């Protein structure tokens, strides 16, 4: 085992040829002589036709699959899925589910599939929902969840359990878990939420409780590292097309029309980049990871004028976290989750562009600004995200029943895995502007890279 510097022991298993398994904790690590039971799926008729349904204990998934012939085997994660033995009797399980942070398409699907997975695969009948995030553990009521009560919630946006930011009090939360006799905790949320989940797991372990803590990572921005993508991302990109299409219609309906769309992306520009690639109507995409500047040769103003002269219209997509250094100075504030409160770059850009061209008196522009942020967050998941959310939820259930704890379920190279909390909270996933995907986006819009500003020009970066 190794330490991450936060008094948390990281389970590392090393093998030949540079093989490393970053394993997840197990209840048996700190509770000895735990009894095991046959997995109820062995007698489940739905799975009787499946060959090798149970995952082998030695099955792992490689983190990086593009390697050279002499490369070490590298880091692996434990493969998700049902095990032959479980560490909970179905009748003894009392599970709870909590959703935290901002809304995201697919939240209700995850809730539904945890409930239905526990019930139909493992015969668990006691599942409760915690109202309004972490603080709901000690200040709100809970609601009983059954397959009947959650049967059609996947068709709705938002979360039936309610959500909130902040409110994390580890001691109070674990006291409540202990008092209620809860032994499986499913926590749905982003990196801040999973940091809280990690703290809950550590306190539960310190107290020696037989409680499995499983996380399902959620971020509409797709900024959680290691995993291929987060649930809700595909739905967000698809819905963003509506806003981009509306901006394109507005821009093409007038002379020198500009459609400006602000999309989500506090620190990472994945939604803006993928929506731009999917649309093909966007002339310029601005994200937090790529610096840009407004004035001077090669700046945004010059590019806007050039594109308007060429096409007579233009569509700009800007991620909410782009350009924060150029927006008017203000006191930096944070929300209850510790996220920096961003200034409205979309509104600021719309005003700056209008002011610039009004002063130039060369092009008479008409600009329409569209901010679809809350419309996108509130939609139900599309078909792709519904399937993905289902598999994430089922993987979390299989892991908890098998006695794993202190993990999140996530897709790595197309395979579902169990990932230690520390790996998905140690940094944020960001667009790499030296990568081919960003180059593909630039070739789609034919925009300048804004990488070489004139001397004395202020460059906007993240």
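Glycine is treated like the rest: Cβ placed from N, Cα and C.
Noted in TrEMBL for the protein shown:
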type     : residues                                              : note
DOMAIN   : 95-398                                                : domain 'Phosphofructokinase'
BINDING  : 102, 165, 166, 190, 191, 192, 193                     : ATP binding site
BINDING  : 191                                                   : Mg(2+) binding site
SITE     : 192                                                   : site 'Important for substrate specificity'
BINDING  : 219, 220, 221, 264, 265, 266, 320, 374, 375, 376, 377 : substrate binding site
ACT_SITE : 221                                                   : active site, proton acceptor
Taking the binding-site residues one at a time (221, 320), which has its Cβ surrounded by the most other Cβ atoms within 10 Å?
221
Among 219, 220, 221, 264, 265, 266, 320, 374, 375, 376, 377, listed as contacts of substrate, what is the widest Cα spread in Å, to the nearest whole number?
17
Using Cα-Cα distances with a 10 Å cut-off, which of the binding-site residues 102, 165, 190, 192, 193 are near residue 377 (substrate binding site)?
102
Looking only at 102, 166, 193, the binding-site residues on record, which one has the least crowded Cβ, with the fewest other Cβ atoms within 10 Å?
166
Calculate the per-residue pLDDT averaged over the domain 'Phosphofructokinase' (95-398) and state the result as an integer.
93
CA-CA, which of the binding-site residues 219, 221, 265, 320, 375 lies nearest residue 190 (ATP binding site)?
219
Spatially speaking, which of the binding-site residues 219, 265, 375 is closest to residue 166 (ATP binding site)? Use C-alpha to C-alpha, please.
219
Which binding-site residues from the set 102, 165, 191 come within 10 angstroms of residue 219 (substrate binding site), judged by C-alpha positions?
102, 191
When the number of other CB atoms within 10 A of each residue's CB is tallied over all shown chains, which of the binding-site residues 190, 265 has the maximum?
265
